[in-house]
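Visitor: Sequence annotations record features per position, and here Swiss-Prot assigns active site to 111, 251, 281. Under the heading region 'ACP-binding', Swiss-Prot lists 252-256.
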């Protein structure tokens, strides 16, 4: 039985912030941000908007496009690093959309989260699950503006949904996932013990989180080496040449990274689908959001070969080859 992508849907907060608005908050400029990252604006959610509610909006769009009812979904997988509930928000999403039957769980793999979630869903489809809702969602990290060591202009909130179903047609031709924990320190958001309580002579910490830390040079070197490598490995395993790929959709971290990867693959940048200019780095939502926009604009056509590739904290990376 094949794995077929039935539909996509997305939801973005209406409120957007352009680069100039950061100039009074931190020492930066529109020119510095746009020339180094490709980002011109990003979308932020007000405190009254939850990740779960935005995810539900996107889910309903995807379900409508697939002509499915929420009760016809058998599994929900939410890829996020910023859940409303640290114990998991997939169950909240299940309740929000009225999907009474599916099991629901979260996956945390940072900017590679959607790739990991999609591969995970594909394995369940091969078993007994009929229709699976795959979600990539991340929010602005509340309270970190002015403290965060990763530049604040990366922070955004975008939700994206994708519905998989069983079919004789197979959308996912191949994949490869990788992790190198030796490089973990290059991109972290670590637990920080605070407010220790003493029980006898032993201190018991109450945890909190530090700011995000990133070694930008090392993450850049990692991405521009490992992403082309894993893409070539996937394509070679399928006997598909680079020239046969119609579109590449990479994690939307930074325009310079995407340009370098295109160069190393010897493909024109015009084959790289990007939306960084309008959304910034949307973490686990970046790949599916770019995919959804390309579908809605009819850029992606039936029968085309598409490569998805994510990379991020862990350090993790991976690629999926699709036939639309």
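Here the Cβ of each residue, glycine as well, is placed from N, Cα and C on the backbone.
For each feature listed, report its degree of burial, its nearest neighbours and the pertinent distances within the displayed model.
Guide: Every protein chain considered, the tally of other Cβ atoms within 10 Å of the Cβ of residue 111 (active site) stands at 30.
Mapped onto three states, the DSSP output places residue 251 (active site) in coil.
The Cβ of residue 281 (active site) has 25 other Cβ atoms within 10 Å, all protein chains considered.
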Visitor: Six or more residues beyond either end and a Cβ under 8 Å away: which residues meet both conditions relative to the region 'ACP-binding' (252-256)?
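Guide: Same-chain contacts beyond the ends: 36-39, 111, 220, 223, 274-276, 279-282, 286-287, 289-290, 311-312.
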Visitor: Three states by DSSP: which one describes residue 281 (active site)?
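Guide: It is coil.
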Visitor: Determine, from DSSP, whether residue 111 (active site) sits in helix, strand or coil.
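Guide: For residue 111 (active site) - judged by DSSP and reduced to three states - the answer is helix.
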Visitor: I'd like the Cβ neighbour count for residue 251 (active site), meaning other Cβ atoms within 10 Å of its Cβ, all protein chains included.
Guide: 28
